[in-house]
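According to Swiss-Prot, the feature divalent metal cation 1 binding site maps to HIS67, ASP106, GLU336, an assignment based on similarity to another entry. Feature annotation from Swiss-Prot assigns divalent metal cation 2 binding site to HIS68, HIS333, GLU336.
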Amino acid sequence: MKVANGYEYTAIMEKIAPKKLAMEGDPIGLQVGDLSKKVRKVMFTLDVLEEVVDEAIEKRVDLIIAHHPFLYRPTQHIDTTTKQGKMIKKLIKHDITVFAAHTNLDIAQGGVNDILADLLHLQDTTMIEETYTEPYCKIAVYVPENELESVRLALVNNGAGQIGTNYTECTFHTTGIGSFKPGTDANPTIGEKETLTSIPEVKIEAIFPQYLTETITKAVKIAHPYEEPAIDVYTLETQTYKEGLGRVGTLPKKISMVSFIDKLKTAFAIDNVRFVGDLKANVQKVAIIGGDGNKFIHQAKATGADVFITGDVYYHTAHDLLAINLPTIDAGHNIEKVMKGYLKNKMEEQAKILDYEAEFIVSEVNTDPFQFC
């Protein structure tokens with residue numbers, strides 16, 4: 001097994017939550033440290049606080065992957081007598097690197113908002129606000145029948161074959177005869193130089209977002225047995241890869257608002273929420289934006305949702321919600337902590353595929369600043 005460095009782990013993060021999905025001005029990525037350093041232990045956290053850094057030091061963590069960037073606002077100087085300054089000093093002293101995936105993880109398929117929607121058992125989910133589009137591509141690879149599985153895995157393990165949020169590893173296979181004549185300088189896996197060879201082959205096809213072209217073609221070339229594999233990639237005119245903020249979906253059946261709030265508190269492991277609207281209403285269609293969704297209340301209303309879930313609802317926004325008749329549950333910003341276990345599982349899965357040796361843990365520090373008295 002290989003001890004990978006920080007760059008190799010951030011490459012995995014790029015597959016999970018591509019940087020280009022981030023909202024404009026969001027300071028994602030490296031926060032502090034050295035990504036070239038070998039990584040033997042990774043810790044996932046919602047927030048980077050001094051208590052979290054102390055935990056990382058105690059547990060000998062090399063890389064912290066956070067949801068919220070702690071260098072969110074421009075820093076003109078670092079005063080090591082302040083709480084943040086002390087934290088940065090500790091990170092540098094103990095050679096701990098910090099990396100953040102924020103709105104890109106909120107927006108990505110399978111990211112924060114999908115996790116929250118899944119915990120509520122929402123069905124037929126779609127995005128609330130489209131924020132990114134690009135073309136889909138299709139790849140067609142011609143491979144000997146006995147090598148089909150290795151090439152198929154190279155495709156699906158690198159992002160090809162996903163259709164929507166509920167279908168993965170979608171490929172299409174057709175059989176035929178492949179013919180080729182190796183030149184004098186060739187090193188053919190099958191056949192002889194200067195001799196026409198014809199063998200049964202399988203054409204395997206899958207779609208993928210355009211941004212994954214280089215990653216997928218590189219992986220296929222590594223997995224393919226041929227010296228010069230036949231690979232076709234073309235842009236699809238009829239399909240577009242879309243990503244967006246928030247999710248809206250439906251519950252299996254209509255329930256009362258009070259019952260839904262109880263269900264939500266259990267799903268998100270919280271004791272209290274704030275509510276705006278009519279508690280006597282019924283709920284089936286639900287819109288949710290993890291974190292601060294104040295700017296998107298009209299988009300949430302336009303979905304036809306019976307209730308909107310978000311965090312950090314402002315006083316005047318609450319009046320606006322009453323005015324547009326959109327019942328809203330303020331479940332707090334801290335519900336985004338669900339990303340810790342999700343990223344741990346995804347990283348373990350990818351590290352196993354890549355044969356990386358490391359330990360993955362989630363922070364046990366409660367970073368919610370609020371108490372209810």
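Every residue, even glycine, has its Cβ placed from backbone N, Cα and C.
Remember, it's a predicted structure, so these values are computed and weren't measured experimentally.
Features recorded in Swiss-Prot, as mapped to the structure shown.
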{"residue": "HIS67", "record": "divalent metal cation 1 binding site", "Cβ contacts under 8 Å, 6 or more apart": "THR45, LEU46, ASP47, ALA100, ALA101, HIS102, LEU105, VAL112, GLU336, MET339"}
{"residue": "HIS68", "record": "divalent metal cation 2 binding site", "Cβ contacts under 8 Å, 6 or more apart": "LEU46, ASP47, VAL48, ALA100, HIS102"}
{"residue": "ASP106", "record": "divalent metal cation 1 binding site", "Cβ contacts under 8 Å, 6 or more apart": "VAL112, ASN113, LEU245, ILE289, GLY290, GLY291"}
{"residue": "HIS333", "record": "divalent metal cation 2 binding site", "Cβ contacts under 8 Å, 6 or more apart": "GLY290, GLY291, ASP292, GLY311, ASP312"}
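For GLU336 (divalent metal cation 1 binding site), other Cβ atoms within 10 Å of its Cβ number 24.
Shown in sequence order, LEU46, HIS68, HIS102, THR103, LEU105, GLY111, VAL112, GLY290, GLY291, MET339 are the same-chain residues outside HIS67, ASP106, GLU336 whose Cβ sits within 8 Å of the Cβ centre of the divalent metal cation 1 site.
Reduced to three states, the DSSP call for ASP106 (divalent metal cation 1 binding site) is helix.
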